[in-house]
Amino acid sequence: MNDILGDRKAIAVLLGPALLVYSVAMLLPVLWSLGYTLFSGNAIIGFTYVGADNFVKLANDPAVRQALWFTVKYAAVVTVGQILLGYLLALLYVFVLKNGSSVIRTLVFFPVVLPTVAVALLFQKMFQIAPQEGLVNSLLGAVGIGAVDWFGTAGTSFAVIVLMDLWRSMGFYAVLLYTGLLDIPEELLEAGRLDGATGLTLIWRIVLPLSLPVLLSSLIFSINGTLKVFDTIVALTGGGPGNATTPLTLYMYQTSFNYGEYGYGSTIALLLTVLCLLVTVFVFRSSRRDLTEA
Amino acid sequence: MSAVLAPERSVRPVPPPAPVRRSRGFLRRLPVRALIAVILVIEVYPLVWLLLSSFKTRREFVEEPFWSLPSSLAWGNYAEAWTTGNIGLYLRNSVLAVAPSLALIIVLGVAAGFALEVLVWKGRGTVLLIFLAGIMVPGQMILLPLFSAYFQLGLTGSLWPLIITYTATGLPLTVFMMATYFRAIPREVFEAAAIDGATVLRAFVSIGFPMVRNAVFTVALVQFFFIWNDLLIALTFTNSTELRTVQVGLLNFNGQFGATDYGPLFAAICMNVFGLLAIYLVLNKRIMAGLAGGAVKG
């Protein structure tokens, strides 16, 4: 029977096309991109071999340091925010609203499916100061605080970016963590209640430890997504003011397509890939250790 | 055990008088209701404001406060966005790029998932891992070689670069999700088919595919949202106005109109947002489950 389910011709027919497209348009370019790191130039003017020059440049480039710092700061703040708000919403769904949570769960999830560009333009207009005061500044004016030039300074731009991404994605993490919370056996909660645990104690001592695995996977998903942030920044601030909100992804894009430096662009892309890989492995391993100790 | 149960047993169910309970219940639920109201306002109000603003005339934007209601339904903004703003063209490009990509992703991805999960051969674990690795790779890592390749092949200036790139980047997640769904089908089903004389291809077309039809639809929805909302790939490979997808068009729209002329910009955003809202209203359960299942993509 395994002869039939192991028919080589059939395997080739079913798997072949997908593997071919994936190899040619994904695996090969990754390797090719690794090769680019040793060259300078671009597709139009041609390439010259420069050895490790790009890596030396990478190590000494203040713009890279700035972009790396922004990427890490953004990923840390947004990941913590997403998981925290998502978890609070999930607790609200499961323990307060119970079976009536369906409508609000659906509503809060909705922004997840929206194009980032559309949401970013909406937020840009909401927080705008000139030539016209946006919604937020009008409200601030109405309560007597006065308008703030949100996109004028690095700090306030960062705040708007974080606010927008949390608005967009908290519903997603809420649903992800909600399904995790539903998996907690009712008997365990009941046992906790019989032993006198209520409210916060119940959540802190029983629900939280039991939802660690789903929190961990959410953490990995979130970090992986936030390290690659691109759309939000391009559409909301364009990396400005100056390059204060430029993450590695955008810096790579500008280097490659505005300045035509494919080699250096690939080197930055490699740094980004390694960063994603390291963080995932680190989170995964450190959590493994914790779980076995507990 | 008895010590734990004792207080429970001693509590007698004495219901308090009804009116008192009702008012206490209302007060007790008040904070929760207020919290829900706040959450709803935060999530929904920006979208309502977006819709209202899309109907405002230029004069209303200048003279009225930002939260005021439009005096009439000015469809002129929509007309302007559609014609001068080229939104019609951008929508057509998006559909022309997304539809073939989606079809290719599904056909290739489902077949590959079947071959990797149901069929028995040496090395399938490794191949599945190779596909999995693709989920983590940032788009920036493949843009430059692809750009050079499309340039050399003379494909720049068409939608082919988008279709090829979307298909390749969509495959890892699709293969991974489909393999998971095929794993849930008992192997005996396919073994029975083999005993009854079905070839592998027949078993896939007549049994495997129909059994995961629902899952295929869910995966297609997930991929639709990823591709439709993509900016990075579309921005890289569309070098002229005629090729722009909706998202790239919207980004440029902002520079073209946005600084002074909000009406058409809001109308353009609205067409994008409320089109997706229509899909979401019908299919929200499936979309939520599908996107949560595809969360590995980050």
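Even glycines carry a Cβ here, placed using N, Cα and C.
Some features that TrEMBL has for this protein:
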- B:91-283: domain 'ABC transmembrane type-1' (DOMAIN)
- B:30-52: transmembrane segment (TRANSMEM)
- B:95-120: transmembrane segment (TRANSMEM)
- B:127-147: transmembrane segment (TRANSMEM)
- B:159-182: transmembrane segment (TRANSMEM)
- B:203-228: transmembrane segment (TRANSMEM)
- B:262-283: transmembrane segment (TRANSMEM)
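Simply put, out of B:30-52, B:95-120, B:127-147, B:159-182, B:203-228, B:30-52 has the most Cβ pairs sitting under 8 Å from the transmembrane segment (B:262-283). Spatially, the transmembrane segment (B:159-182) is not adjacent to the transmembrane segment (B:30-52); fewer than three Cβ-Cβ distances between them are under 8 Å for residues at least 6 apart in sequence. Across B:30-52, B:95-120, B:127-147, stretch B:95-120 shows the highest tally of CB pairs under 8 A with the transmembrane segment (B:203-228). Sequence-distant neighbours of the transmembrane segment (B:127-147) (same chain, 6+ residues past either end, Cβ-Cβ under 8 Å): 112, 116, 161, 164-165, 168-169, 171-173, 175-176, 179, 232-233, 236-237, 296-298.
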